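This report refers to the structure that appears directly beneath it.
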């Protein structure tokens, strides 16, 4: 392996992504559902963005946050899936060193952004149900833009330090990553130096971002639940629960596989590698596919516009 020398570290020219170790003979076939899922994610999210853009009645906080979620999903899935499919179908296992670090940055930064957008959507739900008459005055377009900017900057700035730290570390001769994409902890395992600070920083970022967002989401839904239970009729309560169920499904689809993958990397040494890697792939693939489907089905305005578009009645 050829090493490139820098001022303070030596790094390999490239890494080798192994894909899914243990399922090498099945990777050709695994790629087909992965490709279909990615295609649905791309088409679904682009359709969602198009519908929100052209329909001015959808220029409200909920749909603006949904547009942010769609953009994040496109970036997140596109940062891993094309390379993953190239590995499975064309055995293109090599990834350049800097491309690997860029992938690490995009995966973790936009995972943070996605979590932040879901938190902002929970706040929107809370204001809409608990303060319906003041919703438009509280969540003005400028407030929505500021929230989106804060969420974006948090993801970019919070993740940058541990990506920078990895770039300054010396790497061992071993260059194989038992994964289908570059992940922070997987890359750290190839470093020939003390990685405790970088590991600690990664833990801090993950727990501070996910912990804060989940606390805000949890508190929002506690207040929402209290408000819904005070509604006079059972039909009104059922309708309120039904309208928020899509957001809860999206939250669970992101956090369950993401937390499983994150905790398994650090503490789940007894979990089979195949199971861990499959979950690590799914958390970057399933939410981007499900989000436009869930919101397209559960949100009447979006569903109607998509149907009109399919019938040729949409500009």
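For all residues, glycine too, the Cβ spot is worked out from N, Cα and C.
The feature disulfide bond is assigned by Swiss-Prot to 100-192. Annotated N-linked glycosylation site per Swiss-Prot: 7, in sequence order, evidence recorded as sequence analysis. Per Swiss-Prot, topological domain 'Extracellular' is recorded for 1-28, 79-102, 164-199, 262-276, and the stated evidence type is sequence analysis. Under the heading topological domain 'Cytoplasmic', Swiss-Prot lists 50-57, 124-142, 221-240, 298-315, citing sequence analysis as support. Annotated transmembrane segment per Swiss-Prot: 29-49, 58-78, 103-123, 143-163, 200-220, 241-261, 277-297, in sequence order.
The transmembrane segment (277-297) shares more Cβ pairs under 8 Å with 29-49 than with any other stretch in the list 29-49, 103-123, 200-220. Contact check: the transmembrane segment (241-261) against the transmembrane segment (143-163) gives fewer than three Cβ pairs closer than 8 Å, residues 6 or more apart, which falls short of the contact criterion.
A C-beta separation below 8 Å, combined with a sequence spacing of at least six in one chain, links residue 100 (disulfide bond) to 14, 15, 177, 182, 187. Summarising the environment of residue 192 (disulfide bond), the number of other Cβ atoms within 10 Å of its Cβ, over all protein chains shown, is 13. Reduced to three states, the DSSP call for residue 100 (disulfide bond) is helix. When Cβ-Cβ distances below 8 Å are used as the criterion, the transmembrane segment (200-220) is approached by residues 108, 112, 115-116, 118-119, 122-123, 125-126, 154-155, 158-159, 161-162, 165, 184-185, 188, 251, 255, 258-259, 262, 266 of the same chain, each at least six residues removed from its ends.
Counting same-chain residues at least six beyond the ends of the topological domain 'Cytoplasmic' (221-240), those with a Cβ under 8 angstroms from any Cβ of the stretch are 122, 125-126, 129-130, 248.
Listed by sequence, the residues of this chain that lie at least six past the ends of the topological domain 'Extracellular' (79-102) yet keep a Cβ under 8 A from its Cβ atoms are 4, 11-19, 27-28, 30-31, 34-35, 38, 110, 163, 166-167, 177, 180-182, 187, 281, 284-285. Each residue of the topological domain 'Cytoplasmic' (124-142) gets a DSSP state, and the totals for helix, strand and coil are 16 helix, 0 strand, 3 coil.
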